[in-house]
Amino acid sequence: MSTSASVGISDLSFATTHYALDHAVLAERLGVDRDKFYIGIGQERMSVAAADEDIVTIAAAAAKPIIDRHGVDGIRTVLFATETGVDQSKAAALYLHSLIGLPNAARVVELKQACYGGTAGLQFAAGLIARDPSHKVLVIAADIAKYEIDTPGEPTQGAAAVAMLVTADPSIIALDPQSGLYSADIMDFWRPNYRTEAIVDGKTSVNAYQKAAEEAWNDYRRQGGRDLGDFAAFCYHQPFTKMAYKAHKHLLESQGRTAEPEAIEAAIGKTTTYNRTVGNSYTASLYLGLLALLDQAEDLTDKVLAFVSYGSGAVAEFFSGTVVSGYTEHLRTEANRAAIDSRELLDYDHYRQLHEAQAPVDGKYHATVSETSRPYRLAAISGHKRIYESV
Ligand code: COA
């Protein structure tokens with residue numbers, strides 16, 4: 001198989017919210033041992049959106065550094081994956097035009113399939129670039145994961161955006177053409193239009209994820225994909241980081257391999273460090289895992305990575321790519337760490353207040369409380385329109 005695929009990721013940028021909640025605070029409130037969260041589900045903190053943040057503000061913060069570095073020349077498509085849409089009709093990325101200066105000569109679309117949407121964007125982008133290698137695609141995955149208070153899903157909330165510049169002759173990851181697919185009608189996680197919080201059947205979703213990953217792997221092999229032993233690391237979707245460990249163990253055992261804890265840690269440990277403190281970022285989560293790996297691993301040049309994408313409902317995809325020589329020059333390690341380290345920790349009452357806040361529906365002018373220190377904020381909602389500004 002060729003390792004010189006010529007389409008892939010040339011830049012990756014990440015943003016998260018102003019606030020975070022430590023899981024010790026939640027454990028105390030729920031009356032459970034904090035290690036149930038720290039160890040049992042593998043989560044220490046989760047990002048929480050301020051009153052003046054949403055997917056548009058964090059997406060703009062993630063995408064702006066890419067525009068600053070590369071300009072907009074050649075970007076003729078913008079794909080915004082989210083399951084936390086702010087509008088049923090208008091694509092969230094259209095708000096980015098005025099915030100970060102996207103080109104007018106572009107198609108701009110929102111994609112949805114739970115946590116899988118970012119991968120759909122990446123693969124659709126690869127197809128467009130295969131047709132015209134001068135074409136660049138800005139793919140943005142941004143979500144704010146929200147479950148009901150005092151439910152098992154509550155500790156698996158979080159928020160982040162990852163923006164990717166997808167191009168020919170990529171600078172960071174060259175994608176393999178082979179891809180393994182799986183989809184089935186499963187009610188493991190969903191959010192009806194009238195709800196702001198997702199509904200999850202946690203145990204069903206854990207099992208559905210593992211089966212879907214296995215089936216996607218089987219299809220990847222049928223498509224002529226690589227051997228299991230070829231991969232230097234595996235980047236999984238991480239609704240909570242323990243899920244990646246469960247899924248990798250399941251995948252190895254389904255192929256008749258032994259799943260020693262040390263081998264699993266070597267294959268996925270570094271991919272979990274950002275997710276462990278950011279929480280579930282739905283569409284962005286897999287790519288946050290990739291960022292964490294690239295930022296921490298010793299030289300990955302020419303190493304092959306596996307990607308396991310899962311979106312409840314459910315769609316899974318197993319794909320792969322090779323890390324490109326010189327990739328470290330294109331990373332944003334310092335900015336990524338700063339985005340995480342600069343979050344302000346919430347107390348329980350403030351978290352609860354943010355969680356319970358509802359968007360106004362009366363069409364009157366409502367200024368938004370000024371909280372975020374991030375570059376963009378939702379300033380007001382007026383006449384049913386969302387008004388954004390730079391901070
Ligand atoms: N110390 C260490 N581990 C502990 C512990 C403690 N004090 N107390 C419990 N644990 C472990 C449990 O043994 C369990 O581990 P295991 O999964 O390896 O068996 C883990 O912590 C979770 O405990 P559990 O009782 O299963 O938690 P829960 O019923 O509260 O639910 C989830 C956990 C993950 C199912 C729930 O948070 C959820 O539904 N999250 C959403 C899932 C999701 O996002 N799905 C959609 C996308 S795939």
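In case you wondered, yes, glycine gets a Cβ from its N, Cα and C as well.
A quick note: this is a predicted structure, and the numbers were derived from the prediction, not measured.
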In TrEMBL, the residues Asp33, Lys246, Asn280 are said to bind (3S)-3-hydroxy-3-methylglutaryl-CoA. Which of Tyr147, Tyr388 is said to bind at that same site?
-> Tyr147
In three-state terms from DSSP, label Asp33 ((3S)-3-hydroxy-3-methylglutaryl-CoA binding site) for me.
-> coil
The answer, for which of the recorded positions Asp33, Glu83 has its Cβ ringed by the most other Cβ atoms inside 10 Å, is Glu83
Long-range Cβ environment of Cys115 (active site, acyl-thioester intermediate), under 8 Å and at least 6 residues apart = Glu83, Asp143, His237, Pro239, Asn280, Tyr282, Thr283, Ser285, Leu286, Ser309, Tyr310, Gly311, Ser312
Taking the Cβ of His237 (active site, proton donor/acceptor) as the centre, how many other Cβ atoms fall within a 10 Å radius?
-> 33
Taking the recorded positions Asp33, Glu83, Tyr147, His237, Lys246, which residues show a Cβ-atom distance to ligand 1 below 6 Å?
-> Asp33
Local confidence of the domain 'Hydroxymethylglutaryl-coenzyme A synthase N-terminal' (6-169) - pLDDT mean = 98
Identify, in sequence order, the residues in the chain of Tyr147 ((3S)-3-hydroxy-3-methylglutaryl-CoA binding site) that are 6 or more apart from it along the sequence and have a CB within less than 8 Å of its CB; answer 'none' if there are none.
-> Gly153, Glu154, Thr156, Gln157, Glu197, Ala198, Val200
